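Engineer: Below are the features I grabbed from Swiss-Prot:
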- VAL66, GLY67, LYS68, THR69, ALA70, TYR218: ATP binding site (BINDING)
Amino acid sequence: MVDVNENPFDGTDSIFERKQPLKKDTFTPDTIFHRDEEIEFYINALQDVIVGHDPNNVFVYGPTGVGKTAVTKWVRDKLEEKAEAEDIPLTVVGPINCRNYRSAYALVNTLVNEFRDPENQLPESGYSTDSVFEFLYEEIEAVGGNVLIILDEIDNIPADARNDFLYELPRAEANENTPITDAKVGLIGISNDLKFVDVLEPKVKSTLGEREIKFGPYDATELRDILGYYADIAFREDVLGEDVVPLAAAFSAQERGDVRQGLRILEKAGEYARMEGAEGVTEAHTRRATDTIETDELLDYFEHDLSSQQALTYLATTLALIEPKHEASTKRIYNLYSSIAESSGRRVKSERKIYEFLDQLSMQGLVRSAERNLGRKGGRKYIYEVTDDPTDIINAALQSSYSDAVPSNVNGILEHYLEDEATEFEAPDTTDDEQQNLWQFT
């Protein structure tokens, strides 16, 4: 029974000291762990700013949650600090997250407004793309000196818009039709897709002349150090059981080597302890958090980390895997992708694009592939599988904005799949037409 005379918000938080460090996207650490080599590459690439040369274009690759943005912010801060001490003109814009930009116009519009005062902001529409590029060049020339523009998740910008932007900006200094004469422009692009540059148009790649820095997943030992650092800041003294951080690190390492996932586990475990009124966070709280965090994590991928085409491909791969045939070939994935995209009113891309989407999902640790030799038939084909439990993926899809793409009879097919897995039953091969008729698309 609730005592109406007491305010339920009275009292203090006995578990958390401050939760911001657990929100990795909004917190910049003052210590960087296990990225010395990547930082050295970064410093080498940006040293030209300090010694008086034009800034290099730098592209940073790696899966989510492996320190790309944190390291970039840290290096940015150190570069600005050194430039100020040496009286070197330097303006840094960003990181700007590109997740929601669907055109070069929208991105350039935002960049213009980053340079402008609040009372002189450019409206979201009303100009041509050439005009907003011209406004950007004017702003860059106005500040002069070295200008570094940092774009996070640059791979989320649609290909046409990406090619337009990455072709125009780096050549602005050399283009006599722009007002840039004194400023020197460099671009830092952060991408979850290792093959990001490979799919750019040849003229764009030639213009960029970029330096590349690649970030790999963390292992369990590295994650323990990193999560321990964040936990010391986020939690009150002596509330964490000794197994909490190692368990969160081990789980995250098994999944994707992702710091972000480990931080979510710690936050969720702390919330469970607080809800119970416990004195501290235990191993049991942490295990409970790992059980619930998987669907939350996958839902976040559907809603935030994946483009719509990647999300549909991910769902199609999962559906192909749980069919009686239990084989997610590229052809089968594409057939399912086409069906769910069409049935949900979304654009259907070409079969060639499926390879690109699957590569991107593989880079993010969501799918993996195996090459199969077709023997006397000749040739090879790739078979894909998802790295998470298909049940969790489908549950996440049903809770996401892609629920309309999930076949209405998915639970029945999933139930048969789980029964087959439990009994090690091997279903007979079926034709593509028979497989296609399994699903009920609305």
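Keep in mind that glycine also has a Cβ here, set from the backbone N, Cα and C atoms.
Map these features onto the structure and tell me what's around them.
Structural biologist: According to DSSP, LYS68 (ATP binding site) is assigned to a helical segment. Around LYS68 (ATP binding site), the C-beta neighbours below 8 angstroms that are at least 6 residues distant in the chain are VAL60, TYR61, GLY62, ILE190, PHE215.
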Engineer: Which chain neighbours of the ATP site, leaving out VAL66, GLY67, LYS68, THR69, ALA70, TYR218, have a Cβ atom within 8 Å of the mean position of the site's Cβ atoms?
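Structural biologist: In sequence order, the nearby non-listed residues are ARG35, GLY62, GLY65, VAL71, PHE215, VAL259.
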Engineer: Report the largest Cα to Cα distance, in Å and rounded to a whole number, among the residues VAL66, GLY67, LYS68, THR69, ALA70, TYR218 that the record lists as binding ATP.
Structural biologist: 15
Engineer: Any idea which of the binding-site residues VAL66, ALA70 has the thinnest Cβ neighbourhood at 10 Å?
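Structural biologist: Lowest Cβ count within 10 Å among the binding-site residues (VAL66, ALA70) is ALA70.
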Engineer: Rank the binding-site residues GLY67, THR69, TYR218 by how many other Cβ atoms lie within 10 Å of each Cβ and give me the one with the fewest.
Structural biologist: THR69
